[in-house]
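Working notes, beginning with the structure itself.
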């Protein structure tokens, strides 16, 4: 029997029904208690912990394969079981455009990527709507519209029309609940007024990664052109919360010059801004980018398989500690995990994650939306990607929670608190 910290592989087609059995979660965590200086029996299954930055750094620095690391994974899993049971939420992503005004140093669709290497596209509105309706037929409760960042008024007006179409047509198709699909957005930094209009059109979730809560590290990821400031990113995150969006954010793990102290600060940042969803994953190098060149200078001569093994372990500890700290927010097992390890996403579904995002972008566009090298599934159709992720959920010993919006309890509690405040 496998513990949550063990490695496992996807079953072959001949073994498609033979999923690995998962051992019962442990009931004590003596190694974690020892690192934190707590009395024996203080940490209980399903319990979140109020950790400071030094404690988080110490736990993030646990040795790969150590007992402390295994306990972190198991404690995170007991919290997931308490909050979500055995269910995993799926969010269908439609990467509707790779046109971007920004020039982030790490990104594969940055403004200055060579045109011959990156043909630009924007999907027609009818194709985006059809992707959303297909997702609804597959009982996916949410569709995520993701693109490069464009703030021109014509793009915003067009996007509002797309959201309106998705909401109206999916509600019409929902003959049982008349709820339709939830619309999530990941379209970058916009003004408060634009966020408000996107919300009024029917958008309900927004993912805007902070990338790093350390302003100096953030600055290294962006050109010094006045368009890419940490203060602007923070202002946008605050605006999204004020508008009423479910707030999603996240960071990249394994950036050049990033320390475990930085990552510990990131976890505390998630808590400080009261995030409802965390979408973070390993930094995967993209050639022909400034950050990619820095990474190559630092790590280009290392054994890539061994480097990825260490990066997966660190990413797993980051996910587990975020779960242990935040408790009931949604945490994604992101595509980048699969880019560095064939079963990276399944492993992290046993280490604190409760959400996966199948890519629904039509195959003809996928190759042009590569934020990093080695992105999985770029030659698959939506049907293949969706079926593959359902299999991966089963391999992890979980079940898909289909036909639900999948709001995290964290957001539900915030809504209730706001309602109480309005009444008083």
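Cβ from N, Cα, C; glycine included.
No curator has checked TrEMBL annotations; they are predicted automatically.
As given in TrEMBL:
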type: DOMAIN; residues: 86-325; note: domain 'Radical SAM core'
type: BINDING; residues: 100, 104, 107; note: [4Fe-4S] cluster binding site
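Of all the binding-site residues listed (100, 107), 107 sits in the most crowded Cβ setting, with the most other Cβ atoms within 10 Å. Around residue 104 ([4Fe-4S] cluster binding site), the same-chain residues six or more apart in sequence whose CB sits under 8 Å from its CB are 110, 221, 222, 228, listed in sequence order. Listed in sequence order, the residues 102, 103, 106, 108, 109, 110, 111, 148, 149, 371 complete the 8 Å Cβ shell around the [4Fe-4S] cluster site centroid, once 100, 104, 107 themselves are left out.
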